[in-house]
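Undergrad: Got a structure for you, written out below as structure tokens; questions coming shortly.
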Amino acid sequence: MNLKSPLFLRLSDRLDVYIRLMRADKPIGTLLLLWPTYWALWLASDGIPDLAVLAAFTIGTFLMRSAGCVINDFADRDFDGAVERTKNRPFAQGRVKKKEALLLTAFLCLLAALCLIPLNHLTWLMSLPALFLALTYPFTKRFFPIPQFYLGFAFSFGIPMAFAAVGNSVPVEAWILFAANVLWTLAYDTVYAMADKEDDLKIGIKTSAVTFGRYDIAAVMLCHGGFTLLMAVLGAVIGAAWAYWTAIPIVLLLQYRQYAAIKSRVRQICFETFLANNRIGWVWFAAIFAHTFFAK
């Protein structure tokens, strides 16, 4: 193949654009979606998830996160150029057309729908509100003062879907975990929004960081505290093994470190603190994994 041919260069350019639109080169969003889904799968299956179900949720999560990123850039196409962190995205650089982005979103959603084939009908039904939340979230930044709260619901729907896929029902522990994850999402995405706060104020985008104003850090820590409290409630409801409870002091320490970091409100530090939430995700997964092992 001639690597300098017009066709190859065109395909290479489109591939680069699509990867950047999908954030395939930035896996943190997929990880933050996967952790709560894995928590739910391991709890619902007593630590032995069916491999087909596990694969369906893993691939489906990646595809829907990618679709969400594409539609987010479509929704923010008139604003990203004015924000320091997003000024180099494909839409801001004029490298992608609106129709192209919408077709890519539809294609990714179609692929994600194929992941539902091995799952039961209840999971199929629950995928409909999940799809609606994922595709409408970016537009809430125009009118809803705390769009990160809405995002929390979108990012948490994998939890009841996982319980539905495993047991064909959604028990109370699924909804406790759902509520906990909404608060966790609100916490870490508010930190994410703090990195763009100055730019968002200038262009009129609504975010939780803007709405909370000077109380943004207090709101973040309140959400973190509520998240940890609900995880403790979940532990009590499921009669968690001792290993589950070891996560709480570790997570509290990680949350305190986040508090110490974001007090500066420095853009880069806020972004790095957002990324650090991946640690909280895997700590809780390790605790749930250990619980299912020792509870047998």
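Backbone N, Cα and C atoms are what each Cβ position is placed from, and that goes for glycine too.
Swiss-Prot feature annotations, pasted as is:
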TRANSMEM  28-48  transmembrane segment
TRANSMEM  51-71  transmembrane segment
TRANSMEM  102-122  transmembrane segment
TRANSMEM  143-163  transmembrane segment
TRANSMEM  174-194  transmembrane segment
TRANSMEM  212-232  transmembrane segment
TRANSMEM  233-253  transmembrane segment
TRANSMEM  274-294  transmembrane segment
Undergrad: Which sequence positions outside the transmembrane segment (28-48), separated from its termini by at least 6 residues, show Cβ-Cβ distances below 8 Å to it?
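TA: Contacts of the transmembrane segment (28-48) (Cβ under 8 Å, skipping residues fewer than 6 from its ends): 54, 57-58, 61-62, 64-65, 69, 155-156, 158-163, 165-167, 173-174, 177, 181, 184-185, 188, 238, 274-275, 277-278, 281-282, 284-285, 288-289, 292-293, 295-296.
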Undergrad: In the same chain, who gets a Cβ under 8 Å from the transmembrane segment (174-194) while lying at least 6 residues past its ends?
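TA: Non-local partners: 32, 36, 39-40, 43-44, 146, 148-149, 151-153, 155-157, 159-160, 162-163, 200, 207-210, 212, 216, 219-221, 223-224, 226-227, 230-231, 233-234, 237, 258, 262, 265, 270-271, 273-274, 277, 280.
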